[in-house]
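Below: the structure, in structure tokens.
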2 protein chains.
Amino acid sequence: MKRIFATTALAVALSFGAGISTAQDAAIEARQNLMQLQAFNLGQLGAMAKGEMPYDAEQAQVAADNLVALARLDQSAMWPEGSDSFATDKTRAKPAIWDNFSDLMEKDQALVEAAVAMQEIAGTDLDALRGRMEQVGKACGACHEDYREPKN
Amino acid sequence: MKRIFATTALAVALSFGAGISTAQDAAIEARQNLMQLQAFNLGQLGAMAKGEMPYDAEQAQVAADNLVALARLDQSAMWPEGSDSFATDKTRAKPAIWDNFSDLMEKDQALVEAAVAMQEIAGTDLDALRGRMEQVGKACGACHEDYREPKN
């Protein structure tokens, strides 16, 4: 997430003339798609860690590789100012996100580092994988706890 | 897409004991999330190409970089056998996908190459970007034409 603030030009242009709310909605959908893809891959690692799914070194490595690639995506276009939970019920993203840019960047970087740490050992064995799950989970949770509204 | 056939063990395990349909649904959602993220990024390049959005070299590069990273994700867990349009109305993926593995791999590789070609010049100028849009669009379309059911 190199630039979290999408430019106004971008936000307006993304609306394709259909009004600003469409651009906001597209950005909200994009980041939700991204988080769901991360959850899909992390879910496989978590299922192996919990013994709900047999450990498969190749599949664990694939999931961890995907997680790193996803964590490294540039999200700058996905977080236009105003695409928050005060503006629309399509997101639980708190307005505070846009007031805490440097904290967000740190938390984003922590997720990349946790994913890379997982990537390094996901294909080694189940114990190694288990040993690094917590770091990834905490990195996800760090943003969610501070910047996501509770579910209704 | 190194291995398009997710193992049965994976598909079963992903259901987390909630029945096979849940695993299929999770895989279908994951690939739809991926394609929507690709469309989000390609949409920005397309909007610039069509003059619906001002050309921004940095933003174009970000979108192209994202597109390459997304095209390179390993989709092996996203296409379990049986997650097709005959089995569920949650997908338009034709069963033929699972009978044409090598063709799918070729088409998948063509998308990676088209995205890389775009990445090389997206930040150069608008004419260069325009010149490589068609290759990306065709790569997307190649799979959709052969392997996606028409919209109802």
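Heads up, the Cβ atoms here are built off N, Cα and C, so glycines get one too.
TrEMBL labels come from automatic prediction, so no person has curated them.
According to TrEMBL, the heme c binding site annotation covers B:Cys140, B:Cys143, B:His144. The annotation signal peptide is assigned in TrEMBL to B:1-23.
Locations of recorded TrEMBL features on the structure.
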residue: B:Cys140; record: heme c binding site; contacts (Cβ under 8 Å, 6+ apart): B:Gln38, B:Leu42, B:Leu111
residue: B:Cys143; record: heme c binding site; contacts (Cβ under 8 Å, 6+ apart): B:Leu104, B:Lys107, B:Asp108, B:Leu111
residue: B:His144; record: heme c binding site; contacts (Cβ under 8 Å, 6+ apart): none
I need the neighbours of the heme c site defined by B:Cys140, B:Cys143, B:His144. Which other residues of that chain put their C-beta within 8 angstroms of the C-beta centroid, in sequence order?
B:Lys107, B:Leu111, B:Ala139, B:Gly141, B:Ala142, B:Glu145, B:Tyr147, B:Arg148
